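Here's the structure, in structure tokens; my notes come after.
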Amino acid sequence: MERASCLLLLLLPLVHVSATTPEPCELDDEDFRCVCNFSEPQPDWSEAFQCVSAVEVEIHAGGLNLEPFLKRVDADADPRQYADTVKALRVRRLTVGAAQVPAQLLVGALRVLAYSRLKELTLEDLKITGTMPPLPLEATGLALSSLRLRNVSWATGRSWLAELQQWLKPGLKVLSIAQAHSPAFSCEQVRAFPALTSLDLSDNPGLGERGLMAALCPHKFPAIQNLALRNTGMETPTGVCAALAAAGVQPHSLDLSHNSLRATVNPSAPRCMWSSALNSLNLSFAGLEQVPKGLPAKLRVLDLSCNRLNRAPQPDELPEVDNLTLDGNPFLVPGTALPHEGSMNSGVVPACARSTLSVGVSGTLVLLQGARGFA
């Protein structure tokens with residue numbers, strides 16, 4: 001039991017337990033999902049023992065600084081002595097949130113989790129302090145299929161992804177990075193992600209097309225099939241096309257929804273040829289008053305819903321497309337017109353206005369579905 005206690009101390013720092021719940025941790029009746037909210041200044045961390053049998057574990061640390069844990073556990077201990085105990089845990093999905101975490105403690109937790117059957121890891125609202133030590137020669141990486149990061153800051157700046165990557169096995173399939181403090185990476189340090197098929201950079205409004213070029217390290221994401229760029233400050237489809245071409249990224253599905261896109265293309269900008277692999281493009285909620293220039297010549301799916309189109313697109317304005325979605329545009333709704341300049345009326349169909357409330361929920365939810373098929 002003492003050994004298990006040490007393990008949990010490494011994994012502690014979950015989400016949104018009801019304010020009326022007297023205990024910090026709650027395990028459902030099926031022993032499937034366990035949620036802890038340690039909001040007290042001096043929480044009783046032992047309550048987390050309830051989560052030992054759960055498949056999904058969420059731990060929210062209430063913004064506490066976890067540095068005192070370094071005095072209570074040996075983060076440098078050889079985790080192989082815990083291997084059998086860790087393998088017996090049922091946890092497959094782990095969320096850790098709202099804490100200030102020393103990098104040494106994070107590394108200690110990752111070393112222990114490397115012996116677990118964990119497949120999906122979410123880190124959110126964390127401040128990582130200090131630098132991450134290099135991976136020891138005898139250490140094994142964490143075999144994740146999905147890694148999701150939201151509002152995580154790193155003391156190491158642009159090199160954080162490369163430092164974190166060394167603690168992961170190369171089989172990562174889904175990567176989501178939202179509200180990043182440094183969305184650009186140190187590309188010369190980042191190794192390739194050979195198995196990564198879904199990359200979600202949504203909810204980074206300051207990214208922009210120049211930032212996208214810096215984030216898509218050339219030839220480091222060779223297997224990308226799904227790329228989500230919701231609410232990332234993109235300006236034109238052509239600009240995105242150029243960034244993808246420069247990085248050698250050829251997604252099958254591209255989500256540019258919830259960006260304020262311009263329909264016209266800069267005449268001085270070179271023409272960009274989209275990859276023939278792209279067959280699905282989402283341009284919904286983009287404020288478009290007309291079909292933008294520079295779209296791929298052929299698409300299987302094109303979503304132009306919830307824009308500001310005041311007339312049906314002409315055939316010569318559209319690419320060859322099998323599945324076109326135009327729902328929620330003013331020309332389809334009687335009595336809805338485009339706003340005049342300075343008007344308080346947004347010209348947005350009411351149903352679409354309600355849907356924009358979900359903009360904070362990024363494309364991650366869709367992308368993560370592909371990573372849920374673990375054994």
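Heads up, the Cβ atoms here are built off N, Cα and C, so glycines get one too.
As recorded in Swiss-Prot, the features of this protein are as follows:
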{"type": "SIGNAL", "residues": "1-19", "note": "signal peptide"}
{"type": "DISULFID", "residues": "Cys25-Cys36", "note": "disulfide bond"}
{"type": "DISULFID", "residues": "Cys34-Cys51", "note": "disulfide bond"}
{"type": "CARBOHYD", "residues": "Asn37", "note": "N-linked glycosylation site"}
{"type": "REPEAT", "residues": "54-82", "note": "repeat 'LRR 1'"}
{"type": "REPEAT", "residues": "83-118", "note": "repeat 'LRR 2'"}
{"type": "REPEAT", "residues": "119-144", "note": "repeat 'LRR 3'"}
{"type": "REPEAT", "residues": "145-172", "note": "repeat 'LRR 4'"}
{"type": "CARBOHYD", "residues": "Asn151", "note": "N-linked glycosylation site"}
{"type": "REPEAT", "residues": "173-196", "note": "repeat 'LRR 5'"}
{"type": "DISULFID", "residues": "Cys187-Cys217", "note": "disulfide bond"}
{"type": "REPEAT", "residues": "197-224", "note": "repeat 'LRR 6'"}
{"type": "REPEAT", "residues": "225-251", "note": "repeat 'LRR 7'"}
{"type": "DISULFID", "residues": "Cys241-Cys272", "note": "disulfide bond"}
{"type": "REPEAT", "residues": "252-278", "note": "repeat 'LRR 8'"}
{"type": "REPEAT", "residues": "279-299", "note": "repeat 'LRR 9'"}
{"type": "CARBOHYD", "residues": "Asn282", "note": "N-linked glycosylation site"}
{"type": "REGION", "residues": "290-375", "note": "region 'Required for response to bacterial lipopolysaccharide (LPS)'"}
{"type": "REPEAT", "residues": "300-321", "note": "repeat 'LRR 10'"}
{"type": "REPEAT", "residues": "322-349", "note": "repeat 'LRR 11'"}
{"type": "CARBOHYD", "residues": "Asn323", "note": "N-linked glycosylation site"}
{"type": "CARBOHYD", "residues": "Thr336", "note": "O-linked glycosylation site"}
{"type": "LIPID", "residues": "Asn345", "note": "GPI-anchor amidated asparagine"}
Other C-beta atoms that fall within 10 angstroms of the C-beta of Cys272 (disulfide bond): 19
Three-state secondary structure, which DSSP defines for Cys34 (disulfide bond): strand
Remote residues contacting the repeat 'LRR 9' (279-299) - C-beta distance under 8 A, at least 6 residues beyond either end: 236-238, 241, 252-265, 271-272, 305-310, 313, 317-322, 325, 328, 338, 352, 355-356, 359
Positions whose Cβ lies under 8 angstroms from the repeat 'LRR 4' (145-172), at least six residues beyond its ends: 103, 107, 110-111, 114, 119-132, 134-135, 139, 178-182, 184-186, 189-191, 193-196, 203, 364, 368, 371, 374
Asn151 (N-linked glycosylation site) and Cys272 (disulfide bond), distance between Cα atoms, whole Å: 33
Pairwise Cα distance for Cys241 (disulfide bond)/Asn323 (N-linked glycosylation site) [Å, integer]: 21
Intrachain residues whose Cβ lies under 8 Å of the repeat 'LRR 7' (225-251), provided they are six or more past its termini: 197-209, 211-213, 216-219, 257-262, 264-266, 269-275, 277-278, 281, 283, 292-295, 359, 362-364, 366-367, 370
DSSP three-state assignment for Cys241 (disulfide bond): helix
Chain residues outside the repeat 'LRR 3' (119-144) and at least six past its termini with a C-beta under 8 angstroms from it: 13, 15, 63, 67, 78, 80, 92-104, 106-107, 110-111, 113, 150-156, 160, 163-164, 166-172, 368, 371-372, 374
Sparsest-packed of the listed glycosylation sites (Asn37, Asn282, Asn323) - C-beta count within 10 angstroms: Asn323
Secondary structure at Asn323 (N-linked glycosylation site), reduced by DSSP to three states: strand
Spatial neighbours of Cys34 (disulfide bond) that are distant in sequence (at least 6 apart) but have CB under 8 A: Cys25, Glu26, Leu27, Asp28, Gln50, Cys51, Ser53, Ala54, Glu56, Val57, Glu58
Mapped DSSP class for Cys25 (disulfide bond), helix or strand or coil: strand
Lowest local Cβ density among Cys25, Cys36, Cys187, Cys217, Cys241, which the record lists as disulfide-bonded residues, within 10 Å: Cys187
Pairwise Cα distance for Cys187 (disulfide bond)/Asn151 (N-linked glycosylation site) [Å, integer]: 21
